[in-house]
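Chemist: Starting off with a structure, shown below.
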Amino acid sequence: MFCGEKKLLETERRVKANDREFNEKFQYAFRHKSDNQVNNRLSEVLINGRLQSEKWMNVKAGDIIKLENNQFVAADLLLLSSSEPHGLCYIETAELDGETNLKVRHALPVTSELGADISSLAKFDGIVACEPPNNKLDKFTGDLSWKDNKYPLNNEKIILRGCVLRNTSWCFGMVIFAGPDTKLMQNSGKTTFKRTSIDRLMNTLVLWIFGFLVCMGVILAIGNSIWKHQVGDYFRAFLFQDEVGKNPIFSGFLTFWSYIIILNTVVPISLYVSVEVIRLGHSHFINWDRKMYYAKKETLAEARTTTLNEELGQIEYIFSDKTGTLTQNIMTFNKCSINGRTYGEVYDDLGRKTEINEKTKPVDFSFNPQADSKFQFYDHSLIESIKLGDPKVYEFFRLLALCHTVMPEENNEGKLIYQVQSPDEGALVTAARNFGFIFKSRTPETITVEEMGKIVTYQLLAFLDFNNIRKRMSVIVRNPEGQIKLYCKGADTILFEKLHSSNEELMTVTSDHLSEFGGEGLRTLAIAYRNLNEEYFKEWFKLLEEANRVFDKRDERVAAAYEEIERDMMLLGATAIEDKLQDGVIETITNLSLANIKIWVLTGDKQETAMNIGYSCNMLTDDMNEVFILSGHTAAEVWEELKKAKEILFGRSTGFTNGYAFCEKLQELKLGSTIEETVTGDYALIINGHSLGYALEANLQNEFLEIACICKTVICCRVTPLQKAQVVELVKKHRKAVTLAIGDGANDISMIKSAHIGVGISGQEGMQAVLASDYSFAQFRYLQRLLLVHGRWSYFRMCKFLCYFFYKNFAFTLVHFWFGFFCGFSAQTVYDQWFITLFNIVYTSLPVLAMGIFDQDVNEQNSMDYPNLYGPGQLNLLFNKRKFFICIAHGVYTSFALFFIPYGAFYNVAGEDGKHIADYQSFAVTIATSLVIVVSVQIALDTSYWTVINHVFIWGSIAVYFSILFTMHSDGIFDIFPNQFPFVGNARHSLSQKNIWLVILLTTVVSVMPVITFRFLKVVLYPTLSDQVRQLQKAQDKARPLRGHKRQPRRTSSRRSGYAFAHQEGYGELITSGKNMRVKNLHPTSGLGKTMYNSTSWIENLCKKTTDTVNSFSLDRTVKL
Amino acid sequence: MAWSATSPGANQPDNTAFTQQRLPAWQPLLSAGIVLPLFFCVGLAFIGLGLGLYYTSNGIKELEYDYTGDPGTGNCSVCAAAGERVAPPPANCTCQWCFSLSELFQGPVFLYYELSNFYQNNRRYVVSRDDAQLSGLASALRHPTNECAPYQRSPAGVPIAPCGAIANSLFNDSFKLLHQRLPGGAYVEVPLDRTGIAWWTDYHVKFHNPEPINGSLKLAFYGTAKPPNWPRPAYDLSPDPNNTGFVNQDFVVWMRTAALPTFRKLYARIRHGNYSAGLPRGAYCVNITYNYPVLAFDGHKRLIFSSISWMGGKNPFLGVAYLTFGSLCIVTGFVMLVVYIRHQDENGEDEDE
């Protein structure tokens, strides 16, 4: 893509540590201004042997920088050393890919020895040779040459910009890519200048008007030539007898230019300024809106771009990020099912299920001094069961406290905190902790748990790690009594097959509970245990060791060993974790869907998690006709899947032609927009990143888009930031629809930039998305208000404003055109020069501005209650070319009335005193006064929301007109500037004539009555929803028939697995090897023997498995529905 | 971000009606209850006004005569032929228009001349004047504005006062009204009031003579030339010191340029002596001094005697327009009423279903 050019310049990058001269060529002068806030963040950089604070923008390739816990990474780094053993460090990549689990990076052993020793770090002079800057987030190849040795580098040793350091107190890294070269920035796409569709339309219209102006000029110039030829030349005897023989054609030519100058007011130059003023006003209303102010973080909504407001009223597609946008990125232990009984539901006094709200009393955990105060649970029966000592409940929580990969740590205050790599696990272990099963510490060999106040140490015999095929993890422990137990948690679909046959009944009950949880959008795990006897375990352990020793097909053999022991398990129950949605997400999505806005979720996260969120925010429901899942790995597979989906959608009769021929057909169909009509029912589409790559290619994109647009819900998972942008571009380009992208992380920047409107979620740590966005606010739910209230109003106001503005200019200017026919096409203006100057600026600018800023057809409450009101904006009904011509015609009609009524009335007429009143100056004053009154009455008709300001501006404009008129026609000003104000006495004389007032009255009524007629008939015959709502509003009718039942989000509970787990493979080995444990945590006598044999390879395994995860994940399609 | 430093809620936007877009507002709707009565009221009012205007206009008496002198139409054709394409026209060709009134021509009677096809609203003509000069400014008198060109300076380079094409083309026909009270009797000159025909502001504010030097206007105009078409300089327009130079009323009237190519200008008011009530019955003759050639550009000259009503001179247009539009309003009102009622019925049925 756009970095191709750079690739040509740089085929390989060679960076030398601590040598700025060597790396000089990698410095860029260009910086985007809006990134200032990010560029000015500080980072500790090693310069001349000392650590100094430097701005991010001054960090250069080759620098060595120090990062501390919870800091954002400033550049793409090669990890050199860290505070953790073995040069490990943990990073959170939510900004980059939306995944919530922690990832491990580790330094090369040679560099990790450098530690925190500043002097040796300053002497480090390794040279990294690697790929040129690119946008691949999950790949890195290169090598480090240091001390005559070469060390290969891969992605596991690289920390990318945009990550956050977690659970690691410090680390050092060498900058490889800085600034715009970083993978994050390479992914962020190009910044385009955004303009609204109304802007583009406006430009076109202004060009048309210009053409119209030239036409008028030509007509009048021809008229002048003819007049000159037939009349003017003979008339010259009295006028300009000296000028003989002036060519009529030349005269026409001069007239043309004169008329271009006179009629130029038809080209609304002040329009652009006024439009900007209105938009600025609207932006301020967004900034000032208290209902979009998030008190918890004291974050205001902010319109960062002030020129896009009316487009907010035309959105058809919303592309939303998941993590941090729809969800809060907080997991809570919400419900569980233990031994066939559910806990977590709250019932009121009458035994009815109730919603949990702020008034619901949470369980009091004060009995447990080590409880985590943030944990809340509302069902008191569970704590009662614990107090009663139900052994199954004990076993349940014991399992949660034992079977996980969490690392315990004490913070400065001596409080126990958990370092979690997966937030799901964190939620489970914290739940166990609060219910009295406190996971205290672990060594590679043991796990210490405080069970109801009693410290118990379990011997960890084996750790059967999680992976995406197994979808489960197990631990085998020996309790102090000597019993060996296997504890397992995992996906219900998998686990249920491994249960002992005696569990049949419990399984059915639990399964029902699981579906119930799944239906509520909770992430579920089934939980089971197995008692093992000593001999069996020993035998099995031998088998495992054997499997571990062989090289050939090791993974399969290990997996087989795991299978062997994970069977005949006893079901304990299930857990349900809520991936907490942000407040009001469901309502917002429901309401936006009612407004006919399509919402696509684009996330970097896994398919299960994404689908789970889809269910929990009701974008996916069980009564959908079909959920298509595209996860093909080749173009052919994707094509096949698309074909199948299409057959289902259209029935087999519809032929499926490939490629471009179909494209044309699609275009045809699109014109009639029949596609959507022929398909009934709700469909959803879920597509994986790799399939999306093929679907976005030229030959498939039309099919993909067609199917995607029919589907009610589209979820794209595992997509890269650039793919997000490509999806947006695709819809933008082929559907000609207005798109909005909303996100919070750095991975959303590209789509935020490429969508028509980009919205950033602010008030969080990462600022990057907000900086690239056009609007920002703290909560997803504000989107509803932004679009349905602010956007709709902005669009409504802007359209009204434009209509009126064009009308006004035509009414004003075309009078000159008509007059041309009666003044020998001599470019004589009808009005006084002063009037022409002041008309647009003083007499008529403020009322229309007030309307453009303050007008409301329906109030904010109704805008939200009737989402259908949003429709006209999407269909672009309020201002389009047709409307423009209507406005123009209206303007022309008004100018016609304005000129010809006075013309008829002034023909050979005398004043009340017999004196001359049909003079040019009286004529000018009469028409000008009529014009001001007519356009004021018109704006009064157009204004539907008369605030004080509107009153002041409308009445004020008329008052100002008359006062300026009388001032300019006064004796005093004439005495000072006789040549500039030749209209002396005119206002006084003309406006005291009844005749002239009769003319003004007639003109006004004639101009305005047809408008009233049309509007009245339109409201009676074809009322829009807006008209109806206005009438309702007027009637103060509290009944809201259109609102109906749609508000209540449905909960369904058909059979569906809610399995989704933000876990990554490889942590089991970290734990059993003890590599991630501080020395102080290690049990002094712990035997290292067991871990010795694989300690050299565990990291390689980890890396290998991490890459496998991605691949294996997609192979498995059994989870779904 | 800066929120940490401030007290809680400090960032919160002001809760005012303005910032929250909750300003109290009047929200009018074009409801049937307003629109239909409006149309009927406007319609009725307009028909009433229209009838009044129409009959008033019809009640105004006008007597007009085209004295352009098209070949074969009366005795002005001689003068017309003589003056053809001559500028300045030959002086003092006279012709006559005689008519008789069988009854009293109700006064006050105004005498207008009308020119048609005369583009007094042509831009180059309209701008060709110097209001500063006409307002009597001494500095402007000898330095006429460039807009006046080619009538800014005489061929000798002397500044022209008054400068410009408008002044140069001053209408210079003159009329004398004679009345024969009794058949066969002598013709008596009817006194024509040539003062008070210009606007008060024009005469008193806009137009001033330059300050006379030693009481002599001629000296004040010293160093200026007369407009080329004029037979005599501005200060000689009339012997009356209040009606000569720039404040000559004919000149002031002429300088108020007309809006349309056909226009009437007031020549005189008949209001003195026996004629204050109007023109009594009898035979009349108008002696026309024919100086102003218009045939070259197909122009026409007319003489009009007209009376005046509360709404000014005769013009049926307004009355007809008001009547037409008033009726249209009523018709539209009925159409809307029918549509409205029928639609209400349909809606009612829909709701019943």
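Just so you know, glycine gets a Cβ as well, placed from its N, Cα and C.
A TrEMBL annotation is a machine prediction, not a hand-curated record.
As annotated by TrEMBL, active site, 4-aspartylphosphate intermediate applies to A:ASP321. Annotation source TrEMBL lists ATP binding site at A:ASP321, A:LYS322, A:THR323, A:GLU425, A:PHE466, A:LYS489, A:ARG523, A:THR603, A:GLY604, A:ASP605, A:ARG718, A:LYS724, A:ASN747, A:ASP748. Feature annotation from TrEMBL assigns domain 'P-type ATPase C-terminal' to A:770-1024. Taken from TrEMBL, the feature transmembrane segment covers A:205-227, A:256-275, A:801-822, A:834-854, A:884-903, A:923-941, A:948-968, A:996-1017.
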Chemist: List, in sequence order, those binding-site residues among A:ARG523, A:ARG718, A:ASN747 whose Cα sits within 10 Å of the Cα of the residue listed as 'active site, 4-aspartylphosphate intermediate'.
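Modeler: Near the residue listed as 'active site, 4-aspartylphosphate intermediate', where near means Cα within 10 Å, the binding-site residues are A:ASN747.
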Chemist: Helix, strand or coil: which one is A:PHE466 (ATP binding site) in, per DSSP?
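Modeler: A:PHE466 (ATP binding site) sits in coil per DSSP, no helix or strand.
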Chemist: Around the residue listed as 'active site, 4-aspartylphosphate intermediate', how many other C-beta atoms are within 10 angstroms of its C-beta?
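Modeler: A 10 Å sphere around the Cβ of the residue listed as 'active site, 4-aspartylphosphate intermediate' contains 28 other Cβ atoms.
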Chemist: Pick out which of the binding-site residues A:THR323, A:ASN747 has the most other Cβ atoms within 10 Å of its own Cβ.
Modeler: A:ASN747
Chemist: So what's the mean pLDDT when you look at the domain 'P-type ATPase C-terminal' (A:770-1024)?
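Modeler: In the predicted model, the domain 'P-type ATPase C-terminal' (A:770-1024) has a mean pLDDT of 92.
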Chemist: Tell me, how many other CB atoms lie within 10 A of the CB of A:ARG718 (ATP binding site), whichever protein chain they belong to?
Modeler: 24
Chemist: So the record assigns A:ASP321, A:LYS322, A:THR323, A:GLU425, A:PHE466, A:LYS489, A:ARG523, A:THR603, A:GLY604, A:ASP605, A:ARG718, A:LYS724, A:ASN747, A:ASP748 to ATP. If I measure every Cα pair among those residues, what is the longest distance in angstrom, as a whole number?
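Modeler: Spelled out: the longest distance between any two Cα atoms in A:ASP321, A:LYS322, A:THR323, A:GLU425, A:PHE466, A:LYS489, A:ARG523, A:THR603, A:GLY604, A:ASP605, A:ARG718, A:LYS724, A:ASN747, A:ASP748 is 34 Å.
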Chemist: Cβ-Cβ under 8 Å from A:ARG523 (ATP binding site), same chain, 6 or more residues apart: which ones?
Modeler: A:MET331, A:ASP424, A:ALA576, A:ILE577, A:GLU578, A:ASP579, A:THR609, A:ASN612, A:GLY1058, A:TYR1059, A:ALA1060, A:PHE1061
Chemist: Taking the Cβ of A:PHE466 (ATP binding site) as the reference point, list residues of the same chain whose Cβ is under 8 angstroms away and which are at least six residues distant in sequence.
Modeler: A:THR405, A:ARG472, A:MET473, A:GLY490, A:PHE1061, A:HIS1063, A:GLN1064, A:GLU1065, A:TYR1067, A:GLY1068
Chemist: Taking DSSP three-state, what's A:ARG718 (ATP binding site) in: helix, strand or coil?
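Modeler: Reduced to three states, the DSSP call for A:ARG718 (ATP binding site) is coil.
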Chemist: So, in DSSP terms, is A:ASN747 (ATP binding site) helix, strand, or coil?
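Modeler: SS state of A:ASN747 (ATP binding site) = helix.
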Chemist: Including all protein chains shown, what's the count of other C-beta atoms within 10 A of the C-beta of A:GLY604 (ATP binding site)?
Modeler: 28
Chemist: According to DSSP, does A:THR323 (ATP binding site) fall in a helix, a strand, or coil?
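Modeler: Coil, per DSSP.
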Chemist: Taking DSSP as the reference, which of helix, strand or coil describes A:GLY604 (ATP binding site)?
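Modeler: Going by the DSSP assignment, A:GLY604 (ATP binding site) belongs to neither helix nor strand, so it counts as coil.
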